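Data block below; observations after.
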Amino acid sequence: MSAADGDAFNLKRDYVYIPAFMLVAGTLVVKREWTIYAMLVAIAFGAWNIWTLQIRPVLKPNVFQEFELQEKTIISHNVAIYRFKLPRAADILGLPIGQHISIGAQLPQPDGTTKEIVRSYTPISGDHQPGFFDLLIKSYPQGNISKHMASLMVGQPIRVRGPKGAFVYEQNMCKHFGMIAGGTGITPMLQIIRAIVRGRPEGDTTQVDLIFANVTEQDILLQEDLDALVKEDSGIRVHYVLDKPPEGWTGGVGYVTAEMIQKWLPKPADKVKILLCGPPPMVSGLKKTTESLGYKKARPVSKLEDQVFAF
């Protein structure tokens, strides 16, 4: 039984089977002749609860839908985790691991007009967490959607469609991932790493080495989550790189270099994949670097079968 199946059974047990049994049993004790009516009520109540507790994916790839902001957790002056409520408690996004969603908004322009702006984001939550989805977003001064998100108040909606993207993670699709992320580019990497760790009981043996590059130590997003995963799973390793490290820093320093890749990531081989996500100049440079190290040349637009895949 999968984790999702187990959660569904627990919900039915708590909200269908136990209440129905208690209603019928209680009626037998208090007023036996009403038992048939109690059974009919239990069946109707149980059928309603089963319908409302049915796990249902809500994403539509070609249609924007609105989801309300339920909670906003401030991480720093320009980073927050936004939790959006799905229509029902048992609903899931229906987002395959490795894919992303599109967020659209009509935003004012300098000339006084409005224009629909669409940007892609990868949730840091997953379909094993029904009822909501979480987005980690850094707001930039010149950003469009990121500034719009920062201005949202609890109860206000965003427009979402999906799934989008060429990458879909499957258990043991490769032996070893080498990941390089910069800033908020950590989100698809974290999504995949969490899926690998959740899949260990089902036989996922994938190894992961992640290089996570940031400017300062304060810029390292979700470090507690990453360190907890490393502590929990010996097959996950994270290597931090800072452009402006503090005194006494023992991790990597500067930009991600060929030497760092050779030191920390798996060597070019079958069943080895390199995943890249970060600012476009960083990703462009790393495509050239990985090719110089013997990995297969990355395409301008990545496909699932590529050895070097850029989100």
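Sequential numbering from 1, following the chain as shown.
Note that Cβ sites are derived from N, Cα and C of the backbone, with glycine treated the same way.
Heads up, TrEMBL stuff is auto-annotated, nobody curated it.
Database features (TrEMBL):
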{"type": "TRANSMEM", "residues": "34-51", "note": "transmembrane segment"}
{"type": "DOMAIN", "residues": "62-170", "note": "domain 'FAD-binding FR-type'"}
{"type": "BINDING", "residues": "Arg119, Tyr121, Leu136, Lys138, Ile145, Ser146, Thr187", "note": "FAD binding site"}
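Apart from the site residues Arg119, Tyr121, Leu136, Lys138, Ile145, Ser146, Thr187, the chain places the Cβ of Ile103, Leu135, Ile137, Met149, Thr184 no farther than 8 Å from the centroid of the site's Cβ atoms, the recorded FAD location. DSSP places the residues of the domain 'FAD-binding FR-type' (62-170) in helix, strand and coil in these numbers: 7 helix, 53 strand, 49 coil. Here Lys138 (FAD binding site) comes close to Asn78, Val79, Ser146, Gly183, Thr184, Leu221: these same-chain residues lie at least six apart in sequence, with C-beta atoms under 8 angstroms from its C-beta.
A C-beta separation below 8 Å, combined with a sequence spacing of at least six in one chain, links Tyr121 (FAD binding site) to His100, Ile101, Ile103, Leu135, Ile137, Thr187. The least crowded of the binding-site residues Arg119, Ile145, Thr187, judged by other CB atoms within 10 A of its own CB, is Arg119.
In the shown protein chains, 21 other C-beta atoms lie within 10 A of the C-beta of Leu136 (FAD binding site).
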